[in-house]
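Peer 1: Dropping a structure here in structure tokens format, bear with me for questions.
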Amino acid sequence: MRRYLLNRLWQSVVTLVLATIVVFVGVRALPGDPALALAGEDRDPESLRAIRQQYGLDQSWLVQFWQFISHAARGDLGESIRTGTPVRSMIFSALPVTIELSVLAILIAGVIGVGAGVVAAVRRGGPAEWAANALALLGLSVPHFWLGLMAILYLSVALGLFPASGFVPFFTNPVDNLHHLILPALILGTGLAAVIMRQTRSSMLDALSADYIRTAEAKGLPPKAVIGKHALRNSLIVVVTIVGLQLGALISGAVVTERIFALPGFGKLTVDAVFQRDYPVIQAVVLVTATAYIVINLLVDLLYSVIDPRIRVRGEA
Amino acid sequence: MRPVLAVKDLSVTFRTEDGRLSAVDQVSFEVADGEVLAVVGESGCGKSVTAMSIAGLLPRTATVDGSVQLDGTELIGADKRTLRSIRGREVAYIFQEPMTSLNPVFTVGHQISEVLRTHIGLNRQAAQARAIELLKLVGIPSAERRISDYPHQLSGGMRQRVMIAMAVACDPKVLIADEPTTALDVTIQAGILDVLRGLRERLGTSIVLITHDLGVVADLADRVAVMYAGRVVETAEVHEIFAKPQHPYTVGLLGASPAAGRHAETHRLSEIPGLVPVLSEQPDACTFADRCSRADDSCTTSQPELTAGVHRVACWHPVREAVEV
């Protein structure tokens, strides 16, 4: 187990460095110059040079990269070129919003997706399966932004059930916080719910025709135990994989959703930084996102062996 | 003696895309207390369907008619709750594939305890303790440790022993063993048969043994019912079947299976030409007529009924002479 974790850690570091290089080069290859953006109307060569010097933009890419990496390793992500705020504090204030939004979205998608998937598999051929399939198709094909706008238009503006935008920190007022986040999380979770539903349905159908289900029935177990325990536990491995794989889609979905509901999260931070060519912020955002991705994938891999004892990570046996 | 299990005129048909399919037709047999009844026949002759229909385990596409009485309680047409309370408690099953019949994601201890907790209402600790006893009963060494193993950590023979432990957990009246040794190595088979024999002797469990292996039949059974194309064609005490088989199909089955002393002159096994027919409906004829060397017009125009008595046969031209099989 320890060897496995060390191995994974080493791989993660390589991945992170590679991701950082790609982004570092990528941002600089974009048309646009942060010095120009900063200088505004007053763009004489003298002040441009001063700005470049201040942020180290006059150095070679290699030096800039080394500076970024060595600082980041010490937890110093630099300052925003735009506002001068430490990037770390910008990330610390935006991250909780996105994490909460994503966790809520995954929870909602999991409950809806697994629930509908199980019903569709058990009530195969009936109206319940038809309805679940139709909903899944809808959830997959309707774009987030349109769904978000419609939700705001009807649920927030017309009916006034939910706030249309804004954010209240969880520790300030938990109820208000959930009230603000539930709609964006629902919108963000629809696509994932549809994917989870379809996977749950097909893996449940597989599980339900397995020999061990016949055994469970022959033991006289109630349907609740046969379906909800013996079959579902065997189907969950697929669901966990799907959630892991869909994480990328969830993060990009969060960017759009945060934009629509004006949430001060990671998505908004990223988009603003890109528009303003705020190199340190973009780099930091990618670094954090990549780290999150790696950590979550590791958690998913570890979760496999909890769900299915046949899967044991290398080095443990 | 009143039979523990009485099956009478059991018929099963399946709804398929090509119309109805008859799998079991007018099957009747009885199993006495502590008796081992072997149901033998080729693949596709309706043995397993008969076994599954006893506790209502067939899929929804099946229609079951007739009567199955367990200690006087009618099971055909019983509601789901009644059937659930009987399954695992009074009628228990062992299946052919020990590799896939256990759930891979739960420990064997959990899977055995589950039966005890469902039917007897034991708490976690009591069920666990009883599960260890059961594992010892079926001859699993170091049961205390094995209890927390997952199925994939056990060999095929050990898994089948776990299946048996699970089946006898609530001391059922009838144990239905559907090809319990077919998927196992020959060396392992003998051990499993020993366990079954021991259970019958110690617990007095009646066993319905579904098999196509006549060696297993000779080893364990008291009485034999030979099935062909969904019907019972011959039933007798086990030594009668081996010594004086009367139905040409039984004669064929015996001739097709190797045994010491038999086939001494030719050194070859005989075979029954053709295959078991797939029937959309049961004809008014002997279903074996097409493959039978003794068949004549009477065989293709009317269905032979089982004769009365201890050794019963459904044949117009039963084999009376001592046959060299």
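Note that Cβ sites are derived from N, Cα and C of the backbone, with glycine treated the same way.
The annotation domain 'ABC transmembrane type-1' is assigned in TrEMBL to A:95-304. Under the heading transmembrane segment, TrEMBL lists A:101-122, A:134-157, A:177-197, A:236-261, A:281-304.
I'd like to know what surrounds each of these features in this structure.
Peer 2: Counting residues 6+ beyond its ends, the transmembrane segment (A:134-157) has Cβ neighbours under 8 Å at 116, 163-165, 183-184, 186-188, 190-191, 193-195, 197-198, 253, 256-257, 260-261 in the same chain.
Residues of the same chain lying 6 or more positions beyond the ends of the transmembrane segment (A:177-197) and with a Cβ under 8 Å from any Cβ of it are 100-102, 104-110, 112-114, 116-117, 120, 132, 135-140, 142, 144, 147-148, 151-152, 155-156, 162-163, 166-170, 239, 242-243, 246, 249-250, 253-254, 257-258, 260-261, 263.
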Peer 1: Residues of the same chain, at least six outside the transmembrane segment (A:281-304), with any C-beta under 8 angstroms of its C-beta?
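Peer 2: For the transmembrane segment (A:281-304), the far contacts come to 8, 12, 15-16, 19-20, 23-24, 27, 68, 72, 77-78, 80-82, 87-88, 90-91, 95, 237, 240-241, 243-244, 247-248, 251, 266, 269-270, 272-274, 311, 313.
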